[in-house]
Amino acid sequence: MTVLGPPRSWSCQWLPFLILLLGRGQEPRVEGVTHYKTGDPVILYVNKVGPYHNPQETYHYYQLPVCCPEKIRHKSLSLGEVLDGDRMAESLYEIRFRENVEKRILCHMQLSSAQVEQLRQAIEELYYFEFVVDDLPIRGFVGYMEESGFLPHSHKIGLWTHLDFHLEFHGDRIIFANVSVRDVKPHSLDGLRPDEFLGLTHTYSVRWSETSVERRSDRRRGDDGGFFPRTLEIHWLSIINSMVLVFLLVGFVAVILMRVLRNDLARYNLDEETTSAGSGDDFDQGDNGWKIIHTDVFRFPPYRGLLCAVLGVGAQFLALGTGIIVMALLGMFNVHRHGAINSAAILLYALTCCISGYVSSHFYRQIGGERWVWNIILTTSLFSVPFFLTWSVVNSVHWANGSTQALPATTILLLLTVWLLVGFPLTVIGGIFGKNNASPFDAPCRTKNIAREIPPQPWYKSTLIHMTVGGFLPFSAISVELYYIFATVWGREQYTLYGILFFVFAILLSVGACISIALTYFQLSGEDYRWWWRSVLSVGSTGLFIFLYSVFYYARRSNMSGAVQTVEFFGYSLLTGYVFFLMLGTISFFSSLKFIRYIYVNLKMD
């Protein structure tokens, strides 16, 4: 439920954004490198407010009836901060380095009944505010709500009109900042008549204390005031479960390659030697299993342009995901803000577009595709079009509700420019290189002009069963870790276990490749040579399981509600499942292709 109206003095706010977005675009620093002298002013920026349980539903702080300067001056923000919904503006709080303040008046206000009702609704929805001091976010609740008793029932609403700021310093740097209302009584908002005005006096105090901690990163984990939970720890059960699954699958595939295939090859090659003196026209007579379809297994599939586009975009997201995790391992992201990850993801997506163009065009030319221009257009649209449509709906909902998650016009133009000047040209350039460097498709078997009839398949070899098995096993390997990722993206946790994330990501790809090889072998053993699309769909269906898990997470593991949060959650959850489909489908296809080439190269044909 939106309780906020349009912000005051909102004109000319986009100019600072445009200057910084097109300029340096730096992210908040991890370490406190701002140095102060005693008495130097310390600027406190107000940022945003929003329901505690809806992380992506945020509004500008000055949209509430609070103490506000006559002319609002916004801080220049980086691209990542804008994408994260930050809208920082200077406040009326006067803070000086190492100078304590005791109950200083911030402002006097006269609130109408409509403004009081606006505050009441915000407090009932557990609105919290976020301020920023020297790149340190400090958070607190807007007000206080008390529910007591059943008969008689009481419902009390109070507004915090006094804030105690606690700042710790080491030498000339600020190490820690927090806000508290522990010893403050809230101002009651109950019992106001419709034609009555409410007089309020907002005050604040500032307490400085010296700490022995020299750097912000040296503070104990979770020692930041405790406003948001800090429960993420190394979850060994998830890791052990994933490792056991990987060992079982790798061992299963090894058994296939070392025993079953060895027996198949020995039998098929022996049969070839015993029948070599007979008629060569009946080469396939008496054979069964995957040998009999050697003249069809490399028959190119329908919709080859779409298949190549899927492989190209999937390869791009594999590179993108690996790059993000490696950058996180190198400590390039600030744990306090997610803006750096947003900026890095956009930059890497634009730069890795050349990978999608190269892989798609290269394989498309290999399998005999001629309309390579159409293939490039399809490749560059395969993700960008669904993303743009989803973002348009989500952004429109945010804009209609006045949320800061709605992107400014300058940011939209910047992102569009990045895609038009970097992403799309790199896709075309990669496509040209891929087309020119493509060699003929390396097929160890000749393909006949007339396709062999496929025998009826048992139900357990159907596409649906393969998708169920091929999607569930990789999902089970990451299901526990997925909870922590969701708790970070859609909750209030801070994810810092990037080493574990890299390990689980490698497990996911390994499991996907192994299960793809096993399912492809079973399919070929049933004399079904339509493995091209089947290999993509079987393991790519993990994306569907991830989306189904997101529905479960929303209903059972979160307290999210409202149209704004719901639209964003399910819109981007659909995109997430789609991205996993592309990534794992690509891994699955190339694993199956490598496996099929291996078994038919070792099969005597002549």
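Just so it is clear, glycine is given a Cβ too, placed from its N, Cα and C backbone atoms.
Straight from TrEMBL, the features:
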- 1-25: signal peptide (SIGNAL)
- 236-258: transmembrane segment (TRANSMEM)
- 306-333: transmembrane segment (TRANSMEM)
- 339-360: transmembrane segment (TRANSMEM)
- 372-394: transmembrane segment (TRANSMEM)
- 406-433: transmembrane segment (TRANSMEM)
- 464-486: transmembrane segment (TRANSMEM)
- 498-519: transmembrane segment (TRANSMEM)
- 531-555: transmembrane segment (TRANSMEM)
- 575-596: transmembrane segment (TRANSMEM)
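Residues 13-14, 17-18, 21-22, 79, 82-83, 346, 349-351, 353-361, 372, 375-376, 379-380, 384, 395, 398-399 of the same chain lie 6+ residues outside the transmembrane segment (406-433) yet bring a C-beta within less than 8 angstroms of a C-beta in it. Highlighted: of the candidate stretches 236-258, 306-333, 372-394, 575-596, 236-258 has the greatest count of Cβ pairs under 8 Å to the transmembrane segment (498-519).
Just going by CB pairs under 8 A, the stretch in 339-360, 372-394, 464-486 that sits most against the transmembrane segment (575-596) is 372-394. The transmembrane segment (306-333) makes contact with the transmembrane segment (372-394): 3 or more of their CB pairs lie within 8 A, with pairs spaced 6 or more apart in sequence. Within its own chain, the transmembrane segment (464-486) has Cβ neighbours under 8 Å at 232, 235, 237-238, 241-242, 245-246, 249, 493, 495, 497, 500-501, 504, 507-508, 511-512, 515-516, 519, 523, 534, 537-546, 549-550, 553, 557, 584, 588, counting only residues six or more beyond its boundaries. Panel annotation: around the transmembrane segment (339-360), residues 25, 27-28, 78-84, 86, 308-309, 311-313, 315-316, 319-320, 323-324, 327-328, 332-333, 375-376, 379-380, 415, 418-419, 422-424, 426-434 of the same chain, lying at least six beyond its termini, place a Cβ under 8 Å from a Cβ of the stretch.
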